[in-house]
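A.B. asks: Attaching a single structure in structure tokens format; questions to follow.
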Amino acid sequence: MPDPFWRNGMIGKREVIVFFAALSFCFIKAYAAENLSDLREPYNDRYCTTCHGSDGRGNYGIKAPRLAGMEPWYLKRQLENFRAGIRGTHSSDREGIAMQSMAVKLSDSSITDIISWVGSWDYVATEITIEGNESLGQQLYIQCASCHGANGEGNEALGAPALRGQNDWYLATQLRNFIEGWRGSHPQDSLGQQMILMAQSLQNDDGIKNVVSYINTLSRK
Amino acid sequence: MSRLVTRRELINLLGATGGTAAVLQAGSVLGLLPATASAAALDLLALGSTNKKVAILGGGISGLTVAYELNKRGYDCTVLEASHRCGGRIFTVRHGDLIDEIGNRQYCEFDDDPHMYFNAGAARIPTSHRSLLAYCKELGVELEVFIGENNNAFLQDDALASGKPLRVNDYKTNMRGFLSEMLAKSMSEQQMDEPFTETEAENLLSVIRSFGDLSEGDLYQGSSRNGYASGGYLTHGVQKDMLAFRDLLQSSMGRIALSAYEGDYGPCLLQPVGGMDKIIAGFLSKIGGQVKYRAIVAGIQVRNDGVEIAYDQGGARHKLQADYCFNCIPTHLAVGLDHNFPIDYIKAMKYVRRGEAYKAAFQAKERFWEKEGIYGGITRMNNSSREIWYPPHGIHKDKGVVLAAYDFGGGSYFTKMVQQERVETHLQDGEKIHSNYRDMVEKPITIAWHRMNHMLGCAARWRQSFSGWTHEEEQMYNILQAPAGGRHYVIGDQMSMNSAWMESAILSAHWAMQDLDVRVRSEIAK
Ligand SMILES: Cc1cc2nc3c(=O)[nH]c(=O)nc-3n(C[C@H](O)[C@H](O)[C@H](O)COP(=O)(O)OP(=O)(O)OC[C@H]3O[C@@H](n4cnc5c(N)ncnc54)[C@H](O)[C@@H]3O)c2cc1C
């Protein structure tokens, strides 16, 4: 090793084996670039918990929502939308932009891997951070229920994700983003466009607060 | 007429004109107030036969400081580091290294040569950072001079000289000349009304004249300080033309040219020979065996009798029981862990915002800047790439690594871009300085700290306002500094009032260990 600090002297056993395998390989074949890359620090795309918290519990510090318990079909659609720039490209969608640039290079197989990884996390109850008028929120929720279910359980056939159990601060941000057209205005985001229309009935921050605080009461099974 | 000014009076005078900071600085010069804290030796109890386990979360320099110091005193320390490397924001990038930016992973393709490295995080050591320097000495980290201020580097602003880069020297000499001329004129008219004695006024005038190299009649008529237009060795030097004051005022670059190297920014700065991470290597040479890599902390439970840590490593969840815990995981990541911290502690963690920083570098095929008489130093541009740093090391070798951009915040401009866009912007910006830039550079790397795995930011921001800390902010700071349950310490530059310095991270660790020491001593005394 040229330098004791080269990768912290942290060459793992696996890498050493690869290295010697590569060396002996050299006798047969010229040293190819792929052997070099075997020596490099390995990686995969399992980055989610850095932002989304332990076991995907959601992290307010990054404003990254809960992934644990998220429906695989919904997660898939969102990852694909981010990757394609259908979501997270409006200049006012700060959190969306952050996610979009991280998702842009995901391969289909990485997305599949992420979905199965996320599926292995247990759901634990979210903390409540938003308190509004629940009964006013209940009135407002009637409209939401037609797609997202009376108990906020979601409806795959309609493409509507579960709402209950999601971080309330995240729901509030997304509702605001829909109202303002910061999310959902992409021409290829037909479900998002639907949400933009629906969200208008909340009118303002109070409406958002009230409906989110009602959703907070819909306990998760 | 001349009258002795007492020290106290001088301080009042400075206080009236320069605010508290001036008073404090002058105070320490005169020896009234204590000078900057020197690297006081830590007075920590060695444990002897007592056994105490310490979990250190994150292998940042603060975490490693704790591991090193407590290990010396007989504590049983384990460092859990999420990444494949220690050092966090002390990150030197060399041939083959992984830059673990989420969504933009890169491997560095620089030539494999000791001087071909890039300090993608911390890069400068001010000589006032005594604790850090003390560790460099203790750990045998060889230091060399880092050159930031270089009058031969450039200033570039599209609003200035039709965008043509000016040598810092040309700008500075002219600007200082004009400023001095103005000052000198106002002095001679008003000096009788000023609160100076005759001697003081004379001395002040002489300072002003020499500051701007004024000629007779207190006029600025050009200077040889920025070199000659021609000659100067075998023939007489021919003075350069003066720049027009009005032209200089088309740009705000003067703010930077005249003040960028004050305080902690130099001019005398140091760097470890071979890369900033030699400091990390120094710590690891003592306690490297206690570090677990790719060990991602997932949970922290503070109990009455200890702290229980959960971490993921090798696809499995592990537990670590410790008596005490020191945590340098950035607060914006720590709040997302499975913890049982007190409410007001969490509130403080959530309050701290994450700062931004972005750097980029190229390998230069030739050290083209040296052909322009530039040896180290910083070119400053009024564009998004902002700065070009010429390496002070590897002088006259074939190649070098040049910093192509350093953006320290505001809007994540480059962070949002894909790699090609970032690189193209730096090429365009650099071409305004060096016309051959595009041909001379290759193998770009970019480091957007806001997207770096296990970091997602730089330099905790406690203050919401430039005017200072509010009372509430100070309260939250104090809450987070005190150990949760007497056992869990938040450390790192985030637990200082001067974030984004290695020194701050070290001092936060010292504060926490001293607090621990008091607790341990009283426990043992029982
Ligand atoms: C661009 C830039 C320029 C800078 N320039 C300078 C300079 O010139 N001079 C100077 O003195 N300072 C400079 N700094 C600041 C300096 O680098 C930092 O203040 C210092 O390194 C912070 O150390 P820390 O101990 O707080 O830990 P950090 O470096 O923040 O390290 C935190 C560690 O925690 C680990 N971690 C995160 N999550 C987990 C988890 N779940 N489990 C386990 N581990 C985890 C991370 O991988 C990391 O190793 C600069 C920083 C940047 C980014």
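Here the Cβ of each residue, glycine as well, is placed from N, Cα and C on the backbone.
Found this in TrEMBL, in case it helps:
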- A:Cys48, A:Cys51, A:His52, A:Met99: heme c 1 binding site (BINDING)
- A:Cys144, A:Cys147, A:His148, A:Met195: heme c 2 binding site (BINDING)
- A:34-122: domain 'Cytochrome c' (DOMAIN)
- A:132-219: domain 'Cytochrome c' (DOMAIN)
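I would like each feature placed in context: is it buried or exposed, what are its neighbours, and how far apart are things?
C.D. replies: For A:Cys51 (heme c 1 binding site), other Cβ atoms within 10 Å of its Cβ number 26.
Taken residue by residue with DSSP, A:Cys147 (heme c 2 binding site) is part of a helix.
Residue counts for the domain 'Cytochrome c' (A:34-122) under DSSP, split into helix (H, G, I), strand (E, B) and coil, are 47 helix, 2 strand, 40 coil.
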A.B. asks: For A:His148 (heme c 2 binding site), write down the residues of its own chain that are at least 6 apart in sequence and whose Cβ falls under 8 Å from its Cβ; none is a fine answer.
C.D. replies: A:Gly154, A:Asn155, A:Ala160, A:Pro161, A:Ala162, A:Leu163
A.B. asks: Using A:Met195 (heme c 2 binding site) as the reference point, find which of the binding-site residues A:Cys48, A:Cys51, A:His52, A:Met99 has the shortest Cα-to-Cα distance to it.
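C.D. replies: In terms of Cα distance, A:Met195 (heme c 2 binding site) lies closest to A:Met99.
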A.B. asks: Only counting partners 6 or more residues apart, tell me which same-chain residues put their Cβ under 8 Å from the Cβ of A:Met99 (heme c 1 binding site).
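C.D. replies: Residues satisfying the criterion: A:Ala64, A:Phe82, A:Arg87, A:Gly88.
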A.B. asks: So, in DSSP terms, is A:Met195 (heme c 2 binding site) helix, strand, or coil?
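C.D. replies: Once the DSSP labels are grouped into three classes, A:Met195 (heme c 2 binding site) ends up as helix.
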A.B. asks: Counting by DSSP, what is the helix, strand and coil composition of the domain 'Cytochrome c' (A:132-219)?
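C.D. replies: Across the domain 'Cytochrome c' (A:132-219), DSSP assigns the residues as follows: 55 helix, 2 strand, 31 coil.
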A.B. asks: Using other CB atoms within 10 angstroms as the count, which residue among the binding-site residues A:Cys147, A:Met195 scores least?
C.D. replies: A:Cys147
A.B. asks: Report, in sequence order, every one of the binding-site residues (A:His52, A:Met99, A:Cys144, A:His148, A:Met195) having a CB within less than 8 angstroms of a CB belonging to chain B; if no such residue exists, report 'none'.
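C.D. replies: The answer, in sequence order, is A:His52.
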A.B. asks: Across the whole of the domain 'Cytochrome c' (A:34-122), what does the mean pLDDT come to? Round it, please.
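C.D. replies: Computed over the domain 'Cytochrome c' (A:34-122), the mean pLDDT is 93 on the 0 to 100 scale.
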A.B. asks: What is the nearest of the binding-site residues A:Cys48, A:Cys51, A:His52 to A:Cys144 (heme c 2 binding site), using the Cα of each?
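C.D. replies: With Cα distances computed to A:Cys144 (heme c 2 binding site), the winner among A:Cys48, A:Cys51, A:His52 is A:His52.
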